[in-house]
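**Q** Input: one structure, supplied below.
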Amino acid sequence: MGLWDVDKIEYVGRAKGPKEDFAFHYYDADKVVAGKKMKDWLRFGVAWWHTFNQELVDPFGTGTAHRPYYKYTDPMDQALAKVDYAFELFQKLGVEYFCFHDRDIAPEGDTLRETNANLDKVVDKIEENMKSTGVKLLWNTSSLFTNPRFVSGAATSPFADIYAYAGGQLKKSLEIGKRLGAENYVFWGGREGYENLWNTEMKRETDHIAKFFHMCADYAKEIGFEAQFLIEPKPKEPTLHQYDFDAATAIEFLRNHDLTDVFKLNLEGNHANLAGHTYQHEIRVARESGFLGSLDANQGDKLIGWDMDEFPTDLYETVAVMWEVLQAGSIGPHGGLNFDAKPRRTSFYEEDLFRSHIAGMDTYAAGLLVADKMNQDGFIQDLMAERYSSYDSGIGKDIDEGNVTLADLEAYSLDKPQSELIAATKSDHLESVKATINNYIIDALSEVE
């Protein structure tokens with residue numbers, strides 16, 4: 001059976017009934033949906049930090065997780081052992097990608113030189129496993145937020161020595177990405193923001209991080225690292241206010257600092273909620289602006305105001321996400337769905353690592369099937385066409401084509417009575433729209449055998 005006491009997870013469809021929990025009911029990797037295999041639409045990835053390092057602690061209690069590699073007490077021995085466990089889990093789940101922070105995979109030494117040596121040993125083993133299994137690196141990144149040195153940020157730190165250290169750490173991380181063939185490279189600024197504006201030079205800090213990003217882009221070009229760079233927005237936590245607040249803020253930052261040719265966005269569901277948005281909103285903003293890069297698949301609890309990193313089980317949300325992906329044609333140029341999620345503290349058995357990923361993978365596969373059915377029927381397209389039909393001719397067409405002035409609009413409107421203006425509006429029938437989406441969910445999934 002291997003290192004994990006779990007068999008390879010297979011697709012069974014709906015034939016074995018809803019209670020079969022160690023199998024995929026909807027994720028059929030090679031099933032063709034909208035012209036591509038399901039696995040190529042979804043491109044699932046496993047997050048190293050939550051899956052192999054998360055001990056399931058919370059602010060009120062110690063970890064509950066049972067993990068087989070805890071028998072290795074030496075940090076380096078455990079780090080090397082995790083590589084074997086990780087790649088067996090990838091294969092048993094049928095997941096073709098993974099993601100990690102540099103400090104996830106190897107323990108830190110006292111100096112950057114010592115830490116880099118530790119990284120090299122683990123990366124050697126990861127590279128061997130990648131070659132033998134065919135599993136690929138969706139993206140890597142650098143942890144510039146966990147160590148106390150980054151208490152006031154990394155590339156926005158008021159302390160130049162810390163900024164310099166962060167640059168050295170990034171250099172090594174980019175080299176690892178190049179070596180392992182990472183398809184993307186993510187920047188998440190957990191400490192890049194402020195706690196209080198009274199002691200913060202905001203423009204200076206954002207200029208500093210822009211310079212940092214330009215240095216990273218220059219070095220990637222120098223070493224031939226062609227991964228897509230991604231910024232991951234989050235409004236807060238751990239910092240009171242983070243500079244990459246949401247998709248719109250991050251895009252504006254990129255435009256202001258001449259970084260639009262280098263970066264796209266990696267968007268996360270729970271981060272969208274913390275910013276007061278739906279996940280679909282953030283994806284729509286990025287998609288329509290040309291900045292959709294990759295997705296972190298998780299969800300938050302709508303009643304709790306912090307980052308829960310739950311595995312995605314909200315089918316309505318995954319339908320919305322996959323609808324946006326279908327309109328885009330892919331999850332960015334090289335993106336995927338990375339499960340930036342952890343089992344609940346009460347789901348602490350080894351097998352729960354598999355159960356949780358199965359739940360997330362099936363929920364996104366189901367979302368894809370429903371979104372595809374809606375897309376084939378043209379339901380949303382027809383809805384949009386009808387709602388905006390007044391712009392197909394007359395004054396509306398002139399507005400769309402930029403052929404009118406304010407004076408033209410005034411002349412058109414001056415003598416129109418209120419009754420005519422009210423008559424020009426139409427009901428959205430919004431409740432029926434939502435009910436129809438529910439019907440599509442039921443109908444599309446009932447067709448799965």
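Keep in mind that glycine also has a Cβ here, set from the backbone N, Cα and C atoms.
Annotations for this protein, taken from Swiss-Prot, read as follows:
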ACT_SITE  His101  active site
ACT_SITE  Asp104  active site
BINDING   Glu232, Glu268, Asp296, Asp340  Mg(2+) 1 binding site
BINDING   Glu268, His271, Asp307, Asp309  Mg(2+) 2 binding site
**Q** If you measure C-alpha to C-alpha, which of His101, Asp104, His271, Asp309 (recorded positions) come within 10 angstroms of Glu232 (Mg(2+) 1 binding site)?
**A** His271
**Q** Find the shortest Cα-Cα separation between Asp104 (active site) and the binding-site residues Glu268, Asp296, Asp307, Asp340, and name the residue that gives it.
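**A** For Asp104 (active site), the spatially nearest of the binding-site residues is Asp340.
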**Q** Check each residue in the chain of Asp296 (Mg(2+) 1 binding site) that is at least six apart in sequence and keep those whose C-beta is under 8 Å from its C-beta; list them in sequence order.
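**A** Counting only residues 6 or more apart in sequence, the Cβ neighbours of Asp296 (Mg(2+) 1 binding site) under 8 Å are Ala47, Glu232, Asn266, Leu267, Glu268, Gly269, His271, Leu337, Asn338, Phe339, Asp340.
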**Q** Output, ordered by sequence, the same-chain residues six or more apart from Asp307 (Mg(2+) 2 binding site) with a CB under 8 Å from its CB, or 'none'.
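**A** When sequence neighbours closer than 6 are ignored, Asp307 (Mg(2+) 2 binding site) has Lys234, Glu237, Asn270, His271, Leu274, Gly300 within Cβ distance under 8 Å.
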**Q** For the recorded Mg(2+) 1 site formed by Glu232, Glu268, Asp296, Asp340, name the remaining residues of the chain with Cβ within 8 Å of the site's Cβ center, in chain order.
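**A** Going along the sequence, the neighbours come out as Trp188, Asn266, Leu267, Gly269, Asn270, His271, Leu295, Asn298, Asn338.
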**Q** Give the distance between the Cα atoms of Asp309 (Mg(2+) 2 binding site) and His101 (active site), rounded to the nearest whole Å.
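**A** Taking the Cα atoms only, Asp309 (Mg(2+) 2 binding site) lies 16 Å from His101 (active site).
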**Q** Within 8 Å of the centroid of the Cβ atoms of Glu268, His271, Asp307, Asp309, which other residues of that chain place their own Cβ, given that this set defines the recorded Mg(2+) 2 site?
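**A** Close Cβ neighbours, site residues excluded: Lys234, Gly269, Asn270, Leu274, Asp296, Asn298, Gly300, Met308, Asp340.
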**Q** Looking only at DSSP and grouping its letters into three states, which state does Glu268 (Mg(2+) 1 binding site) belong to?
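**A** It is in a strand.
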**Q** Between the recorded positions His101, His271, whose Cβ has more other Cβ atoms within 10 Å than any of the rest?
**A** His271
**Q** Going by DSSP, give the three-state secondary structure for His101 (active site).
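**A** It is in a strand.
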**Q** Using a 10 Å cut-off on CB atoms, tell me which of the recorded positions Asp104, Glu268, Asp340 is the least crowded.
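**A** If we count Cβ atoms within 10 Å for the recorded positions Asp104, Glu268, Asp340, the smallest count is at Asp104.
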**Q** Just how many other Cβ atoms lie inside 10 Å of the Cβ on Glu232 (Mg(2+) 1 binding site)?
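**A** Summing over all protein chains shown, Glu232 (Mg(2+) 1 binding site) has 22 other Cβ atoms within 10 Å.
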